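Some features that TrEMBL has for this protein:
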type     : residues : note
DOMAIN   : 48-219   : domain 'MENTAL'
REGION   : 1-20     : region 'Disordered'
TRANSMEM : 55-76    : transmembrane segment
TRANSMEM : 96-116   : transmembrane segment
TRANSMEM : 123-145  : transmembrane segment
TRANSMEM : 151-171  : transmembrane segment
Amino acid sequence: MNRVPGDAENAHSSSVESCPSLRDVHSINPVQLTARIESYEGREKKGISDVRRTFCLFVTFDLLFITLLWIIELNVKGGIETTLEKEVLQYDYSSSYFDIFLLAVFRFKVLILAYAMCRLRHWWAIAFTTAVTSAFLLAKVIISQLFSQGAFGYVLPIISFILAWIETWFLDFKVLPQEAEEENRFLIAQDASERAALLHPGVLSDGQFYSPPESVAGS
């Protein structure tokens, strides 16, 4: 006979312990949650996030900047047509800058395909392009005779090396963490919105209220 009050006290204490969580859910503003979810879904409909778009723009800048430096180098050596024929048709690994331009094209194609078209959320593609770029440039600087050809022997390899590593840093420390954080916020807001919808039912419509028919007089 004494077990009933004890069970009642346990039930009362468990209900009291659950009150803070219920108050926390009641304190959620459904309007703000809905706005957050709609803003996230709007960004998803745009295709890619703003930070990923910035990364793709920087990859494009990498290609255009290396191309510009290579064209300047062709003009400095005595005309584009003559130097272009010498560097492309009569390609020599030890003295040509054409392979550094092709290296920039390689980075651009791989990174745009992986992170703009396929929307990859992993670092393996940028790690591959940076490793290939670093190994090729180090081998070219050691084996070739670029340093004997003036300032461009230093500028093109160094700029190409720096841009490749800036792309790696930007993707690994900015793009991927920020997108993961936004996705986590979206999942939390969506879960809280579903809980708030269960605890805050919608306003009843006018059609749900009705009056019973009038009774017959004298009945």
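A Cβ is built for glycine as well, from the same backbone N, Cα and C atoms used for every other residue.
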Please tell me whether the transmembrane segment (55-76) and the transmembrane segment (151-171) touch - that is, whether there are at least 3 C-beta pairs under 8 Å between them, with each pair 6 or more apart in sequence.
yes
To what whole number does the mean pLDDT across the domain 'MENTAL' (48-219) round?
85
